[in-house]
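Listed in TrEMBL:
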TRANSMEM  28-48  transmembrane segment
TRANSMEM  60-78  transmembrane segment
TRANSMEM  98-118  transmembrane segment
TRANSMEM  139-164  transmembrane segment
TRANSMEM  195-213  transmembrane segment
TRANSMEM  225-245  transmembrane segment
TRANSMEM  257-286  transmembrane segment
Amino acid sequence: MGIAIVIVVIGLVTNLVGMKIAGQIQIAVVASIIAVLVTAVAGAVPHMKTANFTPFLPHGWISVGQAAAILYWCFIGWEAVSHMSEEFVDPEREAIRGVTIASIIVSALYFLTALATVGTHSYGKATSSASLVLVIERIFGTGGALIAGMTGVFICTATIIAYIGAASRLACSLARSGNAPRTLAVLSAKYRTPLGGIAFLGICFEIVFTLYGSGFISLTTLIQLPNATFILTYLAGCAAGIRLLKGHPWGVWISWLSFLLTAAIFPFVGWAVFYPLLIVACLILANMGIKKKRGIVGNESPFGQ
């Protein structure tokens, strides 16, 4: 857990000093990650065996749905770009192009990594949670495994930096529009970054680390709960796309396809589906209660003037 705390602190500090520095760090980290993954896949090709791909569905089609629910973690985070739109000169053009290119590259890397892992049968053991490390160790020895482990740390760091940047700016934006407490809109006097949002995230991280460190909640649960939340969020986003993109036939079609595929995956999350539903219910009830108490009508925010 110590490494996780260090990574989170790096993410918080990096976003505090500004997105320009964060972006430069991200480019260096992502470039190193791609280099290691491409090298690992290329080195694994001679060690792949067709026998390792049979049987094709050892646990049936149900396991495909269960795996797909977890695989959402591979692509969770694309929506975070929208929260950083003010950092782009031309967000409509640059953000869409960036997400499209990144999704293609990341999808290819995930597929090739999975191909190398299954083709070399680097899973199914007690150490299967570090399958990629096993692949690289088999090819390049202990030194290669160490590099792979460090790459994993870089991947986590890059993700944390990106998500803290997006979440803190979302909190700031909500506060500015009156849909969240105004303290979240406080900016750093020196760096003009969302200090309020970053501080709030720091408190949330501290709570999660405390709960996990005390054994009150397991790592599996910590993965399942946000996973369900993200999938439900994507369902809502796809539904919004169906409604808002009526003038764009391809947009509506893709939104419908995404909505149906995401809806098919959602039940495989299991009991965790109740977590985001409970949050939504609590927010609706709290919003109704505050409006009733203050006599607010219409669409005025409970945090407004």
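Cβ coordinates are placed from backbone N, Cα and C, and glycine is handled just like the others.
Below 8 A, the CB atoms of the transmembrane segment (257-286) and the transmembrane segment (60-78) form 3+ pairs separated by six or more positions in the chain. Counted as Cβ pairs under 8 Å, contacts with the transmembrane segment (139-164) are highest for 28-48 among 28-48, 60-78, 195-213, 225-245.
The stretch in 28-48, 195-213, 225-245 that contributes the largest number of Cβ pairs under 8 Å to the transmembrane segment (60-78) is 225-245. Below 8 angstroms of C-beta separation, residues 34, 37-38, 40-41, 44-45, 48, 52-53, 74-75, 78, 81, 131-132, 135 of the same chain, each at least six residues beyond the ends of the transmembrane segment (98-118), sit close to that stretch.
If you look at the transmembrane segment (225-245), the same-chain residues 6 or more away from its ends with a CB under 8 A from one of its CBs are 69-70, 72-73, 76, 79, 251-252, 254-256, 258-259, 262-263, 265-266, 269, 272-273, 275-277, 279-280.
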